[in-house]
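A.B. asks: Let me give you the structure first, and then I'll get to my questions.
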Amino acid sequence: MAEFPASLLILNGKSTDNLPLREAIMLLREEGMTIHVRVTWEKGDAARYVEEARKFGVATVIAGGGDGTINEVSTALIQCEGDDIPALGILPLGTANDFATSVGIPEALDKALKLAIAGDAIAIDMAQVNKQTCFINMATGGFGTRITTETPEKLKAALGSVSYIIHGLMRMDTLQPDRCEIRGENFHWQGDALVIGIGNGRQAGGGQQLCPNALINDGLLQLRIFTGDEILPALVSTLKSDEDNPNIIEGASSWFDIQAPHDITFNLDGEPLSGQNFHIEILPAALRCRLPPDCPLLR
């Protein structure tokens with residue numbers, strides 16, 4: 001086997017009892033690969049482990065978990081200064097794994113791990129909200145965000161992404177669209193939004209293609225607004241067809257400003273952020289990520 005530089009796996013604490021993962025790591029170590037492993041316990045651990053990875057001189061920091069873990073590790077990487085910043089590797093171990101799925105990361109642990117260590121490192125974009133919080137995949141607001149935020153952890157653990165749909169149907173009678181105004185480059189819209197998707201990536205909420213035209217290295221954010229006065233009729237309409245659907249508003253820009261008369265909540269790769277004013281901008285070529293050669297999200 002060819003020699004590969006060392007890597008450090010930052011593993012979400014929920015995945016520590018994953019026996020197949022342990023076996024895959026041990027097998028690669030026996031083949032001569034150097035793989036350090038660190039386990040997160042609380043917020044901030046990933047940033048500390050990234051600094052440790054740089055001291056080790058590893059070529060790759062692997063995010064082992066769901067979209068939230070990928071977000072935390074990638075955010076820590078783009079905050080690094082200097083040369084020789086490690087690339088991001090992805091090992092999908094979460095409930096939905098939306099970003100990993102959309103970029104074509106293999107489901108098989110051994111294949112995903114090998115890609116994370118030895119795949120080509122390609123410069124990709126990230127997005128930043130209000131000059132602080134970042135996301136690598138998508139910011140979603142409205143009905144869908146409240147569902148994913150409020151869905152019980154036990155339900156997600158038992159049913160996976162289907163749990164979001166079940167919980168949404170249970171809450172249908174209590175949820176209303178959000179009134180807001182959105183501006184971007186050559187874009188302006190105001191009205192009642194059922195769901196707002198601002199994507200660097202394409203899908204969220206367990207496989208929902210909210211921004212099907214998004215690319216992760218084009219310097220743009222894709223916007224999709226699903227409109228409607230009543231939740232259920234509008235939801236049925238948006239699920240039918242995208243073509244000439246009056247309930248779907250689309251736009252593309254390197255930035256978007258969102259204003260609302262009341263607090264609305266955006267889900268940034270699984271992390272909620274509430275407020276009335278949001279400035280979301282793309283950070284072009286913010287980090288390098290090890291991706292498959294046929295990744296569909298590259299231009």
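Here the Cβ of each residue, glycine as well, is placed from N, Cα and C on the backbone.
Copying in the features that Swiss-Prot gives for the protein in this structure:
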- Glu271: active site, proton acceptor (ACT_SITE)
- Thr40, Gly66, Asp67, Gly68, Thr69, Ile70, Asn71, Glu72, Thr95: ATP binding site (BINDING)
- Leu215, Asp218, Leu220: Mg(2+) binding site (BINDING)
- 2-133: domain 'DAGKc' (DOMAIN)
A.B. asks: Hey, of Leu215, Asp218, Leu220, which of those binding-site residues are within 10 Å of Asn71 (ATP binding site), Cα to Cα?
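C.D. replies: Of Leu215, Asp218, Leu220, within range: none.
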A.B. asks: Cα-Cα separation of Asp218 (Mg(2+) binding site) and Thr95 (ATP binding site), in Å?
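C.D. replies: So the alpha carbons of Asp218 (Mg(2+) binding site) and Thr95 (ATP binding site) sit roughly 28 Å from each other.
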A.B. asks: Please spell out the DSSP helix, strand and coil residue counts for the domain 'DAGKc' (2-133).
C.D. replies: 55 helix, 33 strand, 44 coil
A.B. asks: Measure from the CA atom of Leu220 (Mg(2+) binding site) to the CA atom of Thr95 (ATP binding site) and give the result in Å, rounded to a whole number.
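C.D. replies: Computed Cα spacing between Thr95 (ATP binding site) and Leu220 (Mg(2+) binding site) is 27 Å.
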A.B. asks: May I ask which residues of the same chain, at least 6 positions away in sequence, place their Cβ under 8 angstroms from the Cβ of Thr40 (ATP binding site)?
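C.D. replies: Same-chain residues close to Thr40 (ATP binding site) (Cβ under 8 Å, separated by 6 or more) are Ile10, Leu11, Asn12, Gly13, Ala46, Tyr49, Gly65, Thr69, Glu72.
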A.B. asks: Across all chains shown, how many C-beta atoms besides its own are within 10 angstroms of the C-beta of the residue listed as 'active site, proton acceptor'?
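C.D. replies: The residue listed as 'active site, proton acceptor' is surrounded by 17 other Cβ atoms within 10 Å.
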